[in-house]
Amino acid sequence: MRCKQETLYHEIVIPRNLMMFRGLEEKAEKVSYVLLIRGKWHIINLKQKRGLFVRNFPVYTHQNGKLGLDVPFTQDDCYYDGYSEGDTDSLVTISTCSGLKGILSLHGTVFGIKPIYTSKKFEHMVYSISLKSSRSCAVSGEEQEELLTNSPFQSRIEPFSAPMSYMWSHPKYVEMFIVVDNKRFQMWNSNVTKTMQMVMDVHALVNRYMRELNVKVVLTGLEIWTERNLVQISLNLQETLQNFNQWRNWHLLRRVKHDVAHMITGQNPGKYQGHAFLSGICTDKNATSVASFSHEDIPHLAALMAHELGHNLGMKHDHVACKCHGQNLCTMHEFITVDMGFSNCSFHHFYQLLYKHGGDCLFNKPELQSSFGKSYCGNKIVDQGEECDCGSNLDCQKDHCCLPSCRLKKGSDCAFGSCCKNCKFLKATTLCRPSVDECDLPEYCNGTSKWCQEDTYKQDGTPCKEQGYCYQGECKSLENQCVKIFGKGTRVAQEKCYHYMNTKGDRFGNCGSESKGMFKIFHKCKAKDVKCGRLLCENIQKLPRIEKYHTLIQFPMQDSWCWGAEFFEAIDRADEGEVKDGTPCGPQKICINQTCLDTTVLHYDCNLEKCHGRGVCNNFKNCHCAYGYAPPTCEFEGYGGSLDSGPASHVPSDSQYGKMLKILIWVLPILSLFLIPTIFLLAYVHRRSKTSVNAKNSPEQQDEQT
């Protein structure tokens, strides 16, 4: 697949490394090159930059429909920033990993440089770059003013008390994960190594844009859709962004820690090049952006990604009053520009994000050593192609299951896993994951795998205690949530507390919120939804311990006090002060997304007749049978369980033990009425018979007989 690239001017140059002439290594901390551009010599002085990538970051690919993980070697000592001698306004950012690739801003003109790989003379192409692209960002003015409801700040507390000068000057870090779609992968010759190198080069350029914000962007992982796209890539970038965002929330968040995820697609959507959620950074739902890259102009892709990241950081498009370095063409211009510089407006928007706690996660310095480590036998991590990994030869001497070659010892079935013990699979029916809630179901080993079966639970909508309904394996209630926060003895607040507080539409009483520009708008609860807004409790016996940025509220309501709590979290955790999804809010009603809905939304369609009244339906809509009956329909005798849980234990479950215990509690007193007199009677008879025998054998009786 070929890609077009338009340039205004180009020429062939041969860079000369001054350090090599002085007998120094090329990958030194500082290096200088001489370039002849447009008939003029330029001495380029460069300084190495580090910490752009997590060492040995994970690279995910797909083969035969399965997700694969590799941790390849990454060269991170070949990225430099610098300047041209004699040009105080110059700016240079270069990769020397394989030739010179990057951007040179010289005397007001921006050039790109890239190696000519077919040349044997270290020849490179230098080409001028149009500052302003003909394509723009798809984030519209309307979206910037009204914003998508799905892209809120996650800040819910008062502004920072710390001086903003400290926050502004303090280093900030964005942990970024990048996804490359299948079409873009094909454009890079369907070559994983090339794709990875191109992404790293782009990422290094993005860092140069963010430097003036005192922000370092750290690449924490990469996924390449080598076989097919895992989401629908639409010509409408907003749809593509929504699809990618949903995939990220469902799949990527569980795998790799990151603050923001960007997707590079080879799809050409036409007028627009990118789209992002405004102020999405540090949120667990909307920290994503999409960049369309259907050409081979790496500097423009870097400018586009920096622009979209700017949106994630709260920046809107520049208007006529926005300036950077005395000019109007800045990074957040509606039309993508390679000129590096954020405007006064962009700084203001970013300032507001920090001021309102929307960027708290940026102050977490990431670990630069990947937890995945480098892939090799002996690292105690079971990498692709290994059956086990016991570590060093000394460690392996203590391991009964695994060889130093990362193969299982003869006669071993496994070396680890919840269904592995003493190098053998645990027998079928062994409990490996007990139920943790009345709506959860137990799982058992199947005898042929080291892993426990997939988690199962009662179908959403199954009735449970306190007129509740099972939802995602839990029986939720307002009372349980109150007890979790405020401790035993706490009760759910009166109905009037909920009506009074949650209809206010402020920070402490609301049914959700959204961001509008620099402000957070809280939605008033409708009367029917008040028990799905903020959680309110009463009869508090002891105040809980709270952490920084956590808030307790108290207000009087006639003869009682109503209490609430706000637990601000920067990322990846829900506010425990909100009523949880799945909580009952009335007869046949349940809270979903802070709205009180009819339970029919759960699509509960379990037909207990299918289970012959001896089981319940699980989340796969199969029967989970009670002890004494066998799946799949609980019609015949067996040991319980389902087709999904693995073969159930032949020993009754805890619930069955409970039933048996209740029976014993009733039966034992009755039995004791008969057993105790019987025992005393037997003891009495035994003593009498023993006394009689002793009397017969006494000396007096023997003398009389003689």
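All residue numbers here begin at 1 and follow the chain in the order shown.
Just so you know, glycine gets a Cβ as well, placed from its N, Cα and C.
Candidates considered were Cys402, Cys406, Cys452; the recorded disulfide partner of Cys432 in TrEMBL is Cys452. Of the cysteines Cys617, Cys634, only one is given by TrEMBL as the disulfide partner of Cys625: Cys634.
Same-chain residues at least 6 positions away in sequence with a Cβ under 8 Å from that of Cys625 (disulfide bond) are, in sequence order, Cys611, Arg614, Gly615, Pro631, Cys634, Gly638, Gly640, Gly641, Ser642, Ala648.
Every protein chain shown contributes to the tally, and the Cβ of Glu308 (active site) ends up with 27 other Cβ atoms within 10 Å.
Restricting the average to the domain 'Disintegrin' (374-460) gives a pLDDT of 89.
Of the recorded residues, Cys432 (disulfide bond) and Glu308 (active site) place their C-alpha atoms 46 Å from one another. On the backbone, the CA of Cys452 (disulfide bond) and the CA of Glu308 (active site) stand 42 Å apart. Shown are the disulfide-bonded residues Cys432, Cys452, Cys634; the one with the most C-beta atoms within 10 angstroms of its own C-beta is Cys634. Mapped onto three states, the DSSP output places Cys625 (disulfide bond) in strand. Across the range of the domain 'Disintegrin' (374-460), the DSSP-based residue counts are 5 helix, 14 strand, 68 coil.
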